[in-house]
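Listed in Swiss-Prot:
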type	residues	note
BINDING	THR10, ARG11, ASN12, LYS13, GLY14, LYS15, SER73, PHE153, GLY154, TYR155, ASP156, LYS176, HIS181, ARG182	substrate binding site
BINDING	ASP72	Mg(2+) binding site
ACT_SITE	ASP72	active site, proton acceptor
Amino acid sequence: MEHAILVIATRNKGKSREIGKYLEHFPVEVRDLNDFGPIPEVVEDGATFEENAYKKALLTARVLGLPALADDSGLEVAALGGAPGIHSARYAGPDASDAANNEKLLAALSGVEDRAARFCCVLSLAVPSGPALTYEAFCEGTILTAPRGDNGFGYDPLFHYAPAGKTFAEMSLDEKAKVSHRGRALLELQREFDQVLKWLHARTADENLRRGVGHDMCVTGEDPRGTEPKME
């Protein structure tokens, strides 16, 4: 099978390298937005992580004409009705720092006994015509009353993962990757990537035929996991 090109919808080289490590043994060329010129910013106004991830993946795929993978993630706290949720990065305001977001979270949970929380990550892999595959994963934990650890970012210093007895900010990158929400979603993608590549090649063939470009691959619109892809 010929190599496919997959664009990671980020300019964060660390994130693109992390994703690329999961796919390095497959016939796919992983690129990110640094390999291309400027593209429009995505307005993340979706009501769910899935909607926002799909918007980012689809815009990137349509602008570049290549399959694109995007993620959206955040923290959901049970006692706060799932907040900060999709607003995790801007919980304390549009340009809030991690420290400000953490301070607001601690204030919101002041005196609250139920501190159960979970991180959620949704990956969306879209092709230019609209269909996409979606992967979702969670990591359950609790919110501490004070930060611990100097690694990580975001809410990592407050998120305690009981099986490890550590916050995410106390873990090494390798430790965190094995148990985190993003790591679990990427592992799910990795396990199915042979079938995902077949789906991508079939979709490419379909789109080439629509444009009148010859291609010798079979055309199919089936999701390799047995369910219909998400449509725009």
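Going from the start of the chain as shown, residues are counted 1 onward.
Placed from the backbone N, Cα and C atoms, the Cβ positions cover glycine too.
What Swiss-Prot annotates, mapped onto the structure for a quick look.
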residue	record	DSSP (3 states)
THR10	substrate binding site	coil
ASP72	Mg(2+) binding site	strand
GLY154	substrate binding site	coil
HIS181	substrate binding site	helix
Entry from the binding-site residues list THR10, ASN12, SER73 having the most other CB atoms no farther than 10 A: SER73
ASP72 (Mg(2+) binding site) versus HIS181 (substrate binding site) - Cα distance in angstrom: 11
Cα-Cα distance linking the residue listed as 'Mg(2+) binding site' and THR10 (substrate binding site), given in Å to the nearest integer: 11
Substrate binding residues THR10, ARG11, ASN12, LYS13, GLY14, LYS15, SER73, PHE153, GLY154, TYR155, ASP156, LYS176, HIS181, ARG182: largest Cα-Cα distance, in Å and rounded to whole number: 22
Which of GLY14, GLY154, all binding-site residues, has a Cβ with the fewest other Cβ atoms inside 10 Å: GLY14
Neighbourhood of ASP72 (Mg(2+) binding site) by C-beta distance under 8 A, where only residues 6 or more apart in the same chain count: GLU44, GLY46, PHE49, GLU50, ASN52, ALA53, LYS56, ILE86, CYS121, VAL122, SER124
C-beta crowding around ASP156 (substrate binding site), within 10 angstroms: 24
